[in-house]
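Visitor: Structure below; questions to follow.
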Amino acid sequence: MAKRDYYEVLGVAKNAADDEIKKAYRKLAMKYHPDRNPDSKDAEEKFKEVKEAYEMLSEPEKRAAYDQYGHAGVDPNMGGFGGAGGQGFGGFADAFGDIFGDIFGQGGPGGAGARGGRGGPQVYRGADLRYNMEITLEQAANGFDTQIRVPSWDECEICHGNGAKPGTKPETCPTCNGSGAVRMSQGFFSIQQTCPKCHGTGSYLPDPCTNCHGSGKIKKTKTLEIKIPAGIEDGMRIRSGGNGEPGVNGGPAGDLYVEIHIKAHNVFERDGDDLHCQMPISFATAALGGDIDAPTLHGKATFEVPEGTQTGKTFRLRGKGIKGLRASYPGDLYVHVQVETPVKLDDKQKQMLRDFDTALKAGGARHSPQTKGWFDRVKQFFE
């Protein structure tokens, strides 16, 4: 079956920039990754195809060879990468290294240093993983301990991680003689690439373990204790060391990052360590003043509204906000009052308001200074 054009596989133009190619690869790798499509053989094949295309187009020398000679310029056997036997786990690790390394800025496979290559099997740090956790504003303010259940890849208890059936063992790869890499020449180009048979491990499995199918790892669900500190903010991440993907060929495990997302609150809006709330008050309270109770995250707080308070007036209640992670003192609560206009009045109430309005007009600017000032400005405008 003819191989598809690598640019077509990634959905980019032949003159696409490196960052465009990388962006397209990350999107497609996430979409077709076997972990997201555990029962789809088609998705697995597309994932391998996407990974192969990215391996070729992400390296300048390989891309130049491909642009000039096509598939023959990068694959003397026309067999592709990752499709000539082996177990494919190296491809799994490499893909996650690129994706999660970008997300977390570190530590995908190879992100913490891939060892080996020319001298022996490559050793990779496991990929970092991310867990999204949604919490309430109250939980963010107070902190709490919780448990999470996360999917994980653990070492196979049957083969103890080497991928071989009990009683057998991995054998040295005959293609690369155990180095994990092969060198190919095409025209003026000489390129070292990951061995297509063993995928860089330096060995292959003539008799794979039936429990893990040769990967050396099995998928499980584990429970972790997570401490959410008081004052945590939206988007912050909590690191759980060593709870990411296991390493490859004895490499260290990656980390798990719990990313916090705080749900919208029906009363408060958070701004750093400060809180804001919109609070309606009656017309009478606004006109006459008085004490009112404002809600806080820790109960009620009473403050005084002066007479003549207008809509939009903001009152600051010190120390009634949130104490942030790095703060010595809690933030403040800002109460923005909205004067509520009475509705659904009966005839008697309407007449009372008309009489009241007449009395106010008799006092002029003394009772309504803003209205008087506004009409004065309008009058000057038309003169």
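Each Cβ is built from the backbone N, Cα and C atoms, and glycine gets one as well.
Predicted automatically and left uncurated, TrEMBL annotations should be read as such.
What TrEMBL lists as Zn(2+) 1 binding site is Cys156, Cys159, Cys209, Cys212. Sequence annotations record features per position, and here TrEMBL assigns Zn(2+) 2 binding site to Cys173, Cys176, Cys195, Cys198. For 5-70, the entry in TrEMBL reads domain 'J'. Sequence annotations record features per position, and here TrEMBL assigns domain 'CR-type' to 143-221. Residues or ranges marked as repeat 'CXXCXGXG motif' in TrEMBL: 156-163, 173-180, 195-202, 209-216. Residues or ranges marked as zinc finger in TrEMBL: 143-221.
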Visitor: Could you measure between Cys176 (Zn(2+) 2 binding site) and Cys212 (Zn(2+) 1 binding site) for me? Cα positions, answer in whole angstrom.
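Guide: Cys176 (Zn(2+) 2 binding site) to Cys212 (Zn(2+) 1 binding site), Cα-Cα distance: 25 Å.
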Visitor: Per-residue pLDDT averaged over the repeat 'CXXCXGXG motif' (195-202) comes to what?
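Guide: Mean pLDDT, the repeat 'CXXCXGXG motif' (195-202): 78.
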Visitor: State the count of C-beta atoms found within 10 angstroms of the C-beta of Cys212 (Zn(2+) 1 binding site), not counting that atom itself.
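Guide: By my count, 24.
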Visitor: Using Cβ atoms only, which residues of the same chain lie under 8 Å from Cys173 (Zn(2+) 2 binding site) while being at least 6 residues apart in sequence?
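Guide: Counting only residues 6 or more apart in sequence, the Cβ neighbours of Cys173 (Zn(2+) 2 binding site) under 8 Å are Gly180, Cys195, Lys197, Cys198, Thr201, Gly202, Ser203, Tyr204.
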Visitor: Which residues of the same chain, at least 6 positions away in sequence, have a Cβ lying under 8 Å from the Cβ of Cys209 (Zn(2+) 1 binding site)?
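Guide: Non-local contacts for Cys209 (Zn(2+) 1 binding site): Cys156, Ile158, Cys159, Gly163, Ala164, Lys165, Pro166, Gly216.
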Visitor: Tell me, by DSSP, whether Cys173 (Zn(2+) 2 binding site) is helix, strand or coil?
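Guide: The residue in question, Cys173 (Zn(2+) 2 binding site), is coil (DSSP, three-state).
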Visitor: Give the residue from the binding-site residues Cys156, Cys159, Cys176, Cys195, Cys198 that has the most other Cβ atoms within 10 Å of its Cβ, counting over every protein chain displayed.
Guide: Cys198
Visitor: With DSSP, how much of the zinc finger (143-221) is helix, how much strand and how much coil, in residues?
Guide: 0 helix, 35 strand, 44 coil
